[in-house]
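A.B. asks: Just dropping this structure here.
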């Protein structure tokens, strides 16, 4: 795209400090347009959260806690934590109505250094790796019907994932409305497969398929490390609860639509996740679920045969919808970082014709493709989760800090202070407990090796 078709957005913060929110100024240069309404906002949250996670994480959550009861409890608890975190972000998003998610909040509370670190960590680690994970998941499910009885070749999966990234980037670079409409359509598609799984599970429960729920806490593996690792995988499935804050400048009536989208969207996802897991357990024991290569496909084979092909098809739609929402919002983070001078200036340009941050989207897609080449899903999830929860906690801490340092700011939503305190403490406890567990496990393995050598 030529220089003549791009124009840099030069707006500065409009800081009306006397009881007003911090808003993005609207100068007479090119701006992102307010084209995302309430329905699109809900679809953005639901569509971004429900993606690959609910089809990948159930095995990992169950493997760490060992029984059906704790597994379902973890899924519900992760939903509660995501809702609490999103409520914190709702206050931040209506107090500082600027795109870029955590970036402007860290800038206001702590200054440019934490915001700078967040932008680079997000742009080079968290966001591209998340995009890559989702597209790899899409590629696995999309290619599975063509390789019955065996795993698809890695080269096929990686090429298909890269193609998905390119197509999604092109769609979002061409039009805000096109990306938003695509998100709405794909959200409808993923809700179809979610509804199919849930309804099938309810029917099976009504028919008396409850034997797998008896003694549901028997053989539980409850410890700090196991619970932490279960949360680790469950929260990956819920990641995306903060995505609407990345496009605050494009929300119609953000004071109303941002909190409503959160209050409606995330509890809806939580209910769906718990019911999906219940459905899985109606046809699979814990052992069978752990042995399944693809839980949703196994469910489809046992319940929907001979129409079981529906499951991988709609799971592919689900993951591609999540990837589209991820690209739509992450491109705005790159754009805001470029606008603030923390990234290349060209990344703060928007297309005069398309009114989209095209250079930012292209940059983001290129980094995601790089991650696909050497990476696999499990490695990328570990790479992603540790980085992202550090900054989730720091951003919620920023809310607590600004309650005392920026009292004059208007807060259309004001949540009880106990909520950000809980989220901050959980994020602090989650990462050190995981790191400590892994460090001790590494030391334990090394000690066993040394004992074998010197015995």
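Backbone N, Cα and C define each Cβ position, glycine as well.
Below, the features straight out of TrEMBL:
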REGION    1-27  region 'Disordered'
TRANSMEM  36-55  transmembrane segment
TRANSMEM  67-92  transmembrane segment
TRANSMEM  113-139  transmembrane segment
TRANSMEM  155-176  transmembrane segment
TRANSMEM  188-208  transmembrane segment
TRANSMEM  258-276  transmembrane segment
TRANSMEM  309-335  transmembrane segment
TRANSMEM  355-374  transmembrane segment
TRANSMEM  380-401  transmembrane segment
TRANSMEM  413-430  transmembrane segment
A.B. asks: Quick check for me: are there 3+ Cβ pairs below 8 Å between the transmembrane segment (413-430) and the transmembrane segment (67-92), leaving out pairs under 6 residues apart?
C.D. replies: yes
A.B. asks: So what's near the transmembrane segment (113-139) in sequence-distant terms, Cβ-Cβ under 8 Å and 6+ beyond its ends?
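C.D. replies: Result: 51-52, 55-56, 101-104, 106-107, 152, 156-158, 160-162, 164-165, 168, 239, 316, 319-320, 322-323, 326-327, 330, 333-334, 337, 340, 342-343, 363-365, 367-372, 375-377, 380-381, 383-384, 387-388, 391, 394.
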A.B. asks: Six or more residues out from either end of the transmembrane segment (258-276), which same-chain residues have a Cβ under 8 Å from its Cβ atoms?
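C.D. replies: Counting only partners 6 or more residues beyond its ends, the transmembrane segment (258-276) has Cβ contacts under 8 Å with 38, 41-42, 44-46, 49-50, 54, 72, 75-76, 78-80, 82-83, 86-87, 89-90, 93-94, 194, 197-198, 201-202, 237-238, 241, 244-245, 248, 251, 413.
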A.B. asks: Determine which recorded stretch among 36-55, 155-176, 355-374, 380-401 has the most C-beta pairs below 8 angstroms with the transmembrane segment (188-208).
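C.D. replies: When the Cβ pairs under 8 Å are tallied, 36-55 comes out ahead.
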A.B. asks: Give the nonlocal contacts of the transmembrane segment (355-374) in its own chain as ranges (CB under 8 Å, at least six residues past its ends).
C.D. replies: 1, 6, 30, 32-33, 123-124, 127-129, 131-132, 135-136, 158, 161-162, 165-166, 168-169, 172-176, 179, 327, 330-335, 338, 346-349, 380
